Amino acid sequence: MNGGRASQLARKPGFHRQPSSFTSQPDPHEFLQPPKPKTPPFHQMTPNQIKNFIEIRFSRSPIPPDEAHALFESMAASPTPPPVRPFNQLLISIARSSHHVNNIQTVIPLFSKLASTNVRLNNLTYGIFINFCCDARLIGLGFAVFGDALKRGFNPDVVIFNSLMKGLCAEGGVDDAMWMFEKMHQSECSRPNVVSYNTLVSGLCKAYRTDAALRLVDEMLEGKCEPNSFTFNTIINGLCKAGSVDEAVRVLERMPKLGFMPDVITFSSIMHGLCMAGETEMAVGLLGEMIKGGIKPTVVTYGTVINGLCKVGSMDEALKLFGEMHERGIRPNVIIYSSLIHGFCGLGLWEETGSLIDEMAKLGIPPNVVVYGSIMDALCKQGKTENARKLMGFMIERGQKPSVTCYTILMEAYCQMGCIDDAMELFSAMLEDGLERDSVSYNVMIKGCCNEKRVDEAISLYKELASEGVRPNVVTCSTLLHGLCQVGRVKEAWNIFGEIVDSEVISPSIYMYNSMVRGLCSLGRRRETMGLITHMLKKNIDPNVMTFSILIDSLCKDGMVKEAHAFLEMMIQGGEEPDVVLYSSLIYGYCLLGKMDDAERVFDMMVNKGCEPDCVAYDTLINGYRKSERLEDAMRVSLEMMDKKIKPKLLTCNTLLSELIQIGRVGDAKKLFSDMKDRGPSPDLSTYNILLDGYCKNPLIDEAMELYRALDASNLKPDVKTYNILIEWLSKFGRIESAREIFHAISSNGMVPDFVSYTLMINGLTREGLMEEARTLIEQMEENGFSKHLYSAKEESESGQCS
């Protein structure tokens, strides 16, 4: 008996523990305690036991979603379910799980099941489910549940309102969120709290409505609700992203006065904004101030400033901060290494690039194919395609196989540069590397070939698609059709379009139809064009702005403006809003026919419809007035254009200036020239030469000389034409000394007098009776190879006895 008891005791956990220093014998009473009651199976528990069990389980650690789901189902199926509290706890576990956040089919049935039981739901139950709906971007369902709560007599609390506001802001419905915010002020149980304000401030900032967000923060500071650090961090981050860094700095400076100390998140946001604005020196200075103030920078803080420095090529400063990170024991992440690699690649510093990549490998964070691809893409966008290709070489040397995306990035860059052969080489290399070329890579090559008018190669690539098992898409077909039409091979495009329609593999898109409409219009094939439009409508594809724009532009160029205007009216009646390009085409059509009043009516219609005229629209109208010899109107429109800060084309201004000079309106020409200097476009040498010639002809020789001297201040250098204008008119007005100085200035400024220069100077000398000097110039002229053109000049000199 005793032996059996001893063996049982020996098997008890902890029996063989060493006795404490106070006793060498275990307490016999320890073994005489009655055993603890066992927890009954879940289905046998009373509602109160279930409640206690869930609370204990919930307090120890998060309940896994699958276990929570099973417990929830068991509780709901119980004939006497527990009160709502354990249901809420399980619902929280399921809704918060990343595995279940987007799994609508799990949470919605659970809530419906709970609502169908005799368990009395509370605000928390509704709040959990509404918050889940908002996180899952099911704002409509969230409001439906909100409505159900109201019908059941609940007064939703501030938490529920905050969830709905958050959901609205996430969907871009900031105005609706603001309306709800105002409604909250009217309710006793849901007055806005700091979370409400912060939610709305965040939503307004994300919508770039920072002025409204600032007003809301000011409202909080006026005593309606005390802000917190999150409030200031949100508004500062929003201002920086909107480019209002100065305003963000002002908020930062106000924080200590209001009793709030900036933290590392605050400073990091400001630094990011400064770097985005190119103010990297200020960002580095702010980092130093932050550290002096006792705030420890994080890897994100350093990453922000290092990235900014790398983008502007300040690699020495970036490496200095990189070293400082190491000294502070902050381990750089893959983003920081990527920024440095990008910076070195951009400067062509391949040794440093290689060292960094090797260092990353030693630290166990080698750049992956996505990192390489993103850096290559950034380099290509900066026009550093060869550097991107070298980076791909580095990638291969270090055992990383480039992806289809990496190849496509480089191919597209080469195609944009017109280097189709280089792109083709990479396109072939993809197969050699065992990669499957996809529709994106084919589309890049087909577009590149079409842009360079190498459409036969584009057709070959299109036919090759099927053999590789790649399905062409809308982009593929639209690109090829557009390319064929651009080079006038409309018949081939028409045949391919027919094959696409017949195959029914791809539904023809509006882009394909527009390509064909443009091609047919370019050949003047109106009947086929209208047939194609009819075909579109039968396929339930409505013409868009581009379709109408192509048709109207084609009709206007052919003088069929009445028909073009009818299309415009049809378009407006169909609910399509014409754009500035379309209006400009119609204005051009009327100008071409000299119907300037009609052209101005279309221009006014455009403005009244809220479509802002651009440079092309204004220039078209100005040139129309000019060609119709309505220079007053041309001047009026050009000044109106400048008043609106829209720069006319330089050619338009120069042409108008020339015509004003020709009809003797020098005052208007001077005003136009002055406006060009003040408001643009900046005058070029042609502008100066036109005005110089106008001054001389009118005659305003002194003003012409003053304008000539003003050329130096404008950083423009006179050409031979400039000198010839002055030589001609100075000599005609007997100012031979000045003419001689101008003639010699040609050579002293590194230019060579032309035939006109010599002829004008010789004629001027002859008129003044300076025959010897004229003869010397004739000899010099002959030495410079102009002897064949001297007949008229010699004749004049001989008549003056210069033989």
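A Cβ is built for glycine as well, from the same backbone N, Cα and C atoms used for every other residue.
Residues annotated as region 'Disordered' in TrEMBL: 1-46.
Feature annotation from TrEMBL assigns repeat 'PPR' to 193-227 (among others). Residues 158, 161-162, 165-166, 168-170, 172, 174, 177-178, 181, 184, 234-235, 237-239, 241-242, 244, 247, 251, 258, 260 of the same chain, all 6+ positions outside the repeat 'PPR' (193-227), place their C-beta atoms under 8 angstroms from a C-beta of that stretch.
The repeat 'PPR' annotation in TrEMBL covers 228-262 (among others). Here the repeat 'PPR' (228-262) has long-range neighbours at 194, 197-198, 201-202, 204-206, 208, 210, 213-214, 217, 220-221, 269-270, 272-274, 276-277, 279, 295, meaning same-chain residues at least 6 beyond its ends whose C-beta is under 8 angstroms from one of its own.
Long-range contacts of the repeat 'PPR' (263-297) within its own chain (CB-CB distance under 8 A, at least 6 residues past either end) are made by residues 229, 232-233, 236-237, 239-241, 243, 245, 248-249, 252, 255, 304-305, 307-309, 311-312, 314, 317, 321, 328, 330. Positions annotated as repeat 'PPR' by TrEMBL: 263-297 (among others).
Long-range contacts of the repeat 'PPR' (298-332) within the same chain: residues 264, 267-268, 271-272, 274-276, 278, 280, 283-284, 287, 290, 339-340, 342-344, 346-347, 349, 352, 363, each at least 6 residues beyond the stretch ends and with a Cβ under 8 Å from a Cβ of the stretch. Sequence annotations record features per position, and here TrEMBL assigns repeat 'PPR' to 298-332 (among others).
Per-class residue totals from DSSP over the repeat 'PPR' (333-367), listed helix then strand then coil: 26 helix, 0 strand, 9 coil. Taken from TrEMBL, the feature repeat 'PPR' applies to 333-367 (among others).
Taken from TrEMBL, the feature repeat 'PPR' applies to 403-437 (among others). Outside the repeat 'PPR' (403-437) by six or more residues, the chain places 369, 372-373, 376-377, 380, 385, 388-389, 392, 395, 444-445, 447-449, 451-452, 454, 457, 468, 470 with a CB less than 8 A from a CB of the stretch.
Among the features that TrEMBL reports, repeat 'PPR' is placed at 438-472 (among others). With DSSP classes pooled into helix, strand and coil, the tally for the repeat 'PPR' (438-472) is 26 helix, 0 strand, 9 coil.
What TrEMBL lists as repeat 'PPR' is 473-507 (among others). The average per-residue pLDDT of the prediction over the repeat 'PPR' (473-507) is 87, rounded to a whole number.
Among the features that TrEMBL reports, repeat 'PPR' is placed at 509-543 (among others). Tertiary proximity for the repeat 'PPR' (509-543) is limited to same-chain residues at least six positions away from its ends with a CB under 8 Å from its CB atoms, namely 474, 477-478, 481-482, 484-485, 488, 490, 493-494, 497, 500, 550-551, 553-554, 558, 571, 574, 576.
Under 8 Å from some Cβ of the repeat 'PPR' (614-648) lie the Cβ atoms of residues 580-581, 583-584, 587-588, 590-591, 594, 596, 599-600, 603, 606, 655-656, 659-660, 663, 665, 668, 672, 675, 679-681, all in the same chain and six or more residues away from its ends. Taken from TrEMBL, the feature repeat 'PPR' applies to 614-648 (among others).
Positions annotated as repeat 'PPR' by TrEMBL: 649-683 (among others). Here the repeat 'PPR' (649-683) has, by DSSP, the following mix of helix, strand and coil residues: 27 helix, 0 strand, 8 coil.
The repeat 'PPR' feature in TrEMBL is assigned to 719-753 (among others). Listed by sequence, the residues of this chain that lie at least six past the ends of the repeat 'PPR' (719-753) yet keep a Cβ under 8 A from its Cβ atoms are 685, 688-689, 692-693, 696-697, 699, 701, 704-705, 708, 711, 760-761, 763-765, 767-768, 770, 784.
Beyond the repeat 'PPR' (649-683), the same-chain residues lying 6 or more positions past its ends with a Cβ under 8 Å from any Cβ of the stretch are 615, 619, 622-623, 626, 631, 634-635, 638-639, 642, 690-691, 693-695, 697-698, 700, 714.
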